[in-house]
Amino acid sequence: MARAKLPRSPSEGKAGPGDTPAGAAAPEEPHGLSPLLPARGGGSVGSDVGQRVQVEFYVNENTFKERLKLFFIKNQRSSLRIRLFNFSLKLLTCLLYIVRVLLDNPDQGIGCWGCTKYNYTFNGSSSEFHWAPILWVERKMALWVIQVIVATISFLETMLIIYLSYKGNIWEQIFHVSFVLEMINTLPFIITVFWPPLRNLFIPVFLNCWLAKHALENMINDFHRAILRTQSAMFNQVLILFCTLLCLVFTGTCGIQHLERAGGNLNLLTSFYFCIVTFSTVGFGDVTPKIWPSQLLVVILICVTLVVLPLQFEELVYLWMERQKSGGNYSRHRARTEKHVVLCVSSLKIDLLMDFLNEFYAHPRLQDYYVVILCPSEMDVQVRRVLQIPLWSQRVIYLQGSALKDQDLMRAKMDNGEACFILSSRNEVDRTAADHQTILRAWAVKDFAPNCPLYVQILKPENKFHVKFADHVVCEEECKYAMLALNCICPATSTLITLLVHTSRGQEGQESPEQWQRTYGRCSGNEVYHIRMGDSKFFREYEGKSFTYAAFHAHKKYGVCLIGLKREENKSILLNPGPRHILAASDTCFYINITKEENSAFIFKQEEKQKRRGLAGQALYEGPSRLPVHSIIASMGTVAMDLQNTDCRPSQGGSGGDGTKLTLPTENGSGSRRPSIAPVLELADSSALLPCDLLSDQSEDEVTPSDDEGLSVVEYVKGYPPNSPYIGSSPTLCHLLPVKAPFCCLRLDKGCKHNSYEDAKAYGFKNKLIIVSAETAGNGLYNFIVPLRAYYRSRRELNPIVLLLDNKPDHHFLEAICCFPMVYYMEGSVDNLDSLLQCGIIYADNLVVVDKESTMSAEEDYMADAKTIVNVQTMFRLFPSLSITTELTHPSNMRFMQFRAKDSYSLALSKLEKQERENGSNLAFMFRLPFAAGRVFSISMLDTLLYQSFVKDYMITITRLLLGLDTTPGSGYLCAMKVTEDDLWIRTYGRLFQKLCSSSAEIPIGIYRTECHVFSEPHDVRAQSQISVNMEDCEDTREAKGPWGTRAASGSGSTHGRHGGSADPVEHPLLRRKSLQWARKLSRKSTKQAGKAPVATDWITQQRLSLYRRSERQELSELVKNRMKHLGLPTTGYEDVANLTASDVMNRVNLGYLQDEMNDHHQNTLSYVLINPPPDTRLEPNDIVYLIRSDPLAHVASSSQSRKSSCSNKLSSCNPETRDETQL
């Protein structure tokens, strides 16, 4: 606060340096000195004290008028009391008027006070009447005294308020309606005190009802101000409307009753009846006014009603519509008695809303929760339509408001909420701005309700550290890039994670005639659950045993997959901590199963029967989801996993459990080189543990790197990346270059002074490329590189990474990636064939197309993916053998990936998707072939990860561990292993589980299966829209069906998958011959149907022609070769043809000159993911098994020797693709 500078006193000005100041004689400070006026710097202390002046503030409020104004008007609570008193006074006057009417008797005579009374009678046949009954009434003395006192008080209060609220215009206040009514109802009573004959004068005191209405409105406003309630307009308007109706009826009743004293002499009840009948427009006519004054009053009342009420109703309807838009309030009473969560979003779309509601209410214990949506924008038509459905209208409340306003947070009762979900708007053009809004919302909620759990979704990883205080945070770009990276080495990781984080009962596809759809849908119901080991029926018998032992036997006995645990004293979750980890009763176990153990029932009747027969019992599990019984007895002479033919011996050092170990016999037969499956030990045996998968005894020479390759391998070192592109990235041990690569060497297509390479072939990579197409090199792209360069990946199997960027990366990003080996970038786009060829697409195994930020929003809904879909379709037809993973903005657009207009199988899947959506499935899109195969992904599918964390607070941590975003010491990592024909002696998934647990302590969690299908176009309307023929079906083999309908493939049989063999069906004469045989059989069946033979014949002809049509594919190959030569790329062995421009090639593809869609290799196979399949699931060639491999650095000192010897026995790499060394 500014203060005036005090002038020097004359004595101070004359005093010299050595003089004593005049103020020294008064050293005491004056009482009440303002602390805002410190002592001046000049002179002595005594002089400063003498010059100080006491300043008193707000002296204007000390006047009598201001004090009265503060009490009557300004102060909320005191003014509320005054208005309440005034309201009570007006009601009292109305009550006294009614008492006066009831006590009045016109038959006793009418006249002034103290005068002679006369009786007046009304002649109904005449229109004349007397005014005396209207002017004079009978008023008792006591009643008159009370009315005079009340009128005097009201008059004085009115005069005081007029004085206090005077603003310079007295006439405006005098002619105000309320002042006029006050004078009419109070001043006559005061006059009667001085003029007694007027004491019986009629005074319309009933008009005080309007003053009472006005006082009530002011009182409610003050009350709302006192309790800080601002959202009360709707309540006020309803109250005003009700009071207006009441005042109109009361005024009409009293007015007609009084005027009819000179006419029909009606009582109050009859007058009230007449008013109600008249205002309701019924008008029976049994009671009517007799004289013209009362008739005139009725007309005036009707006119006033016709004017006032429509205005009131209009205001009420307007406020009602505004309230419908804003959503009203969530009452404090409901917030205290009910449970609710708040969803904060920038804009609410129907897809986001349904994903949230379906996932949130999929959990049984959340059925009684309410969802309060706080959104600043108006509710759109689709959302409004959904929220009107009874299923959601009773549980979802939409409030229009901002999370930055405390008033809106109060409306949502955020401080009473069970949780607050804050979601970013991913479809914004400026995603950084969207993150900033999310951060502010999170801060506002934390400030307003610090105890409310926060679940925050952030887009950019560099913004994540701003919301680290939140209970759960999901960074979209971190998860997206890590998942797309794992898709390249563990196929369909995106599908695996998506299915795990969606709540499902595994009932999808169970009505389908296709076996793979039933199995795939059943396994999709597996989720991650947790339970304390001491409370678990699944795991408590394994206390004191190794983690691997418990995982294998729990899967064998109950069909559950134990994937990790958490120590009671440690907050870190460990995935597959390895066989050296001994389970304790206090451990929290995390497992994959159809449903949680608490909802499972255990049936042991069959086990008791087997025990009576002398056989080793097998526990059966039959949960509420009807999980089939797991039969784990192997057949056909192979080594059995049960205890039927094994020797039992006491366990060594094991406590609890069954006290036995498996001692499995060796395989019979001469010339067999397959080892038997060793038992899983209760306690770890360091000498027997190998850190890699040992499904076959490959020779050491097969995996020993050559000398040339060994030189390149030695160049890499293990360490932590020195430069993180953003704050908050988890440190991960990676393969690094000993010396950072210069920025110029990171450019793939341009040589520099360090090397002259200008294309991918010149580098001579040993492994095939992984190409990532992105618009910009954002910080999230760093998380694509880290999982592919993690220390636990084999150095021999590191794939070169090429970043195909639309815009040049900045130096900050290059500084972060220059330490990684074989990471390059190139400027270009996926819609440019030259760019694709220059970055080495013909030498690549995987192409990842990342959704572009600039195209995430479109004027028309769901059109944001149009460009991406068309570009990927072009590449799909140009390079059919390339594995392309595409990110889309909208999951519903995945049906356009690898689109084939005449594919009846896709049409059948579309019908199945609609059926599942009608059944209320959260995974209706799961049967789309691109999604099942892991070739398409949308980050919105991972929104459920944040929602599911409300019930499972560990899901985000487990997902980040699986994706390699976080590394916890002692925790395992996700990898994959390919099953070849040489490994089919294992036969079943359960035996594979035992093999992996006993040899390398790896935990399998699922299978990625690829099957060969011949897609047809049936013409029987009663038949399904697809006919699938497996290779085994073509060979007319009869295979045993398991409980889940899985095929029992023979060891010599092969299933044509997309990971093996050529993409050209010409090279498979057996497939072609069998397909034609199948077509002829189908043709013979079709001829039995009358009227359909010509159609079937045309269709068979078309199929035959499509099997032999290869000219278009050859033409496309020539076009691509020609573009390579034009760009100066190596084309050894290609014929010289005339050059064509890149646009010519693209146009010829898009115009449909290539007609051989039905023969492409990708289109003859389908792939899908089986999460935690039953133990008796048969393995098939080209199956890829998802593994959680234990941390290689967990026990380096004790296992370094065994790891050195294990390298020669590794079956195959974690990379699911063929890892043959190829010199490009």
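Keep in mind that glycine also has a Cβ here, set from the backbone N, Cα and C atoms.
The topological domain 'Cytoplasmic' annotation in Swiss-Prot covers 1-79 (among others), and the record cites a curator's inference as its basis.
Marked as transmembrane segment by Swiss-Prot on the basis of similarity to another entry: 80-112 (among others). Same-chain residues lying 6+ beyond the ends of the transmembrane segment (80-112) with a Cβ under 8 Å from its Cβ atoms: 71-72, 118-120, 132-133, 136-140, 143, 146-147, 150-151, 153-154, 157, 185, 197-198, 200-201, 205-206, 208-209, 211-212, 215-216, 218-219, 222-223, 226, 250, 254, 257-258, 261, 265, 268.
According to Swiss-Prot, the feature topological domain 'Extracellular' maps to 113-139 (among others). The average pLDDT for the topological domain 'Extracellular' (113-139) in the predicted structure is 75.
The N-linked glycosylation site annotation in Swiss-Prot covers N119 (among others). When other Cβ atoms within 10 Å of the Cβ of N119 (N-linked glycosylation site) are tallied across all protein chains shown, the result is 11.
According to Swiss-Prot, the feature N-linked glycosylation site maps to N123 (among others).
Taken from Swiss-Prot, the feature transmembrane segment covers 140-164 (among others), and the record attributes it to similarity to another entry. For the transmembrane segment (140-164), same-chain residues at least 6 beyond its ends with a Cβ under 8 Å from one of its own Cβ atoms are 65, 68-69, 72-73, 86, 89-90, 92-93, 96, 99-100, 103, 173, 179, 182, 185-187, 189-190, 192-193, 199, 205.
Sorting the topological domain 'Cytoplasmic' (165-178) by DSSP state (H, G, I as helix; E, B as strand; all else coil) yields 7 helix, 0 strand, 7 coil. Feature annotation from Swiss-Prot assigns topological domain 'Cytoplasmic' to 165-178 (among others); the stated evidence is a curator's inference.
Annotation source Swiss-Prot lists transmembrane segment at 179-194 (among others). A Cβ distance under 8 Å defines the sequence-distant neighbours of the transmembrane segment (179-194), meaning residues of its chain 6+ beyond its ends; these are 93, 144, 147-148, 151-152, 154-155, 158, 162, 173, 201, 203-205, 207-208, 210-211.
Marked as topological domain 'Extracellular' by Swiss-Prot: 195-201 (among others).
According to Swiss-Prot, the transmembrane segment annotation covers 202-219 (among others), on the basis of similarity to another entry.
Feature annotation from Swiss-Prot assigns topological domain 'Cytoplasmic' to 220-232 (among others); the stated evidence is a curator's inference.
The transmembrane segment annotation in Swiss-Prot covers 233-260 (among others), and the record cites similarity to another entry as its basis.
Summarised by DSSP class, the composition of the topological domain 'Extracellular' (261-267) is 2 helix, 0 strand, 5 coil. As annotated by Swiss-Prot, topological domain 'Extracellular' applies to 261-267 (among others), with the evidence given as a curator's inference.
Same-chain residues lying 6+ beyond the ends of the intramembrane segment (268-288) with a Cβ under 8 Å from its Cβ atoms: 98, 101-102, 248-249, 252-254, 256-257, 260, 298, 301-302, 305. The annotation intramembrane segment is assigned in Swiss-Prot to 268-288.
According to Swiss-Prot, the feature transmembrane segment maps to 291-324 (among others), an assignment based on similarity to another entry.
Residues or ranges marked as topological domain 'Cytoplasmic' in Swiss-Prot: 325-1224 (among others).
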Setting L499, H502, S524, N526 aside, what same-chain residues sit with their Cβ within 8 Å of the center of the Cβ atoms that define the Na(+) 1 site, listed in sequence order? T498, L500, S504, G506, C523, G525, E527, L923, M926, I1171
Specify the nearest of the binding-site residues C744, C752, H754, S773, D851 to H502 (Na(+) 1 binding site), where nearness means the distance between Cα atoms. D851
Out of the binding-site residues C752, L804, the residue with the smallest number of other Cβ atoms within 10 Å is C752
Per the 10 Å Cα distance test against D806 (K(+) 2 binding site), the recorded positions N119, L499, N526, C744, C745, C752 reduce to none
Mind checking which residues of the chain, 6+ beyond the ends of the transmembrane segment (233-260), have their Cβ under 8 Å from one of its Cβ atoms? 94, 97, 101, 134, 202, 204, 206-207, 209-210, 213, 216-217, 220-221, 266-268, 270-272, 274-276, 278-279, 289-291, 293-294, 297-298, 301, 304-305, 308-309, 312-313, 315-316, 319-320, 323, 328
For L804 (K(+) 2 binding site), what is the secondary structure by DSSP, using just helix, strand and coil? strand
Once the chains shown are all counted, how many other Cβ atoms turn up within 10 Å of the Cβ of D806 (K(+) 2 binding site)? 18
Looking only at C-alpha atoms, tell me how far N119 (N-linked glycosylation site) is from L499 (Na(+) 1 binding site), rounded to the nearest Å. 96
Report, as a single number, how many Cβ atoms besides its own are within 10 Å of the Cβ of D851 (K(+) 2 binding site). 22
Here's one to test understanding: among the binding-site residues L499, N526, G828, whose C-alpha is closest in space to the C-alpha of H754 (Zn(2+) binding site)? G828
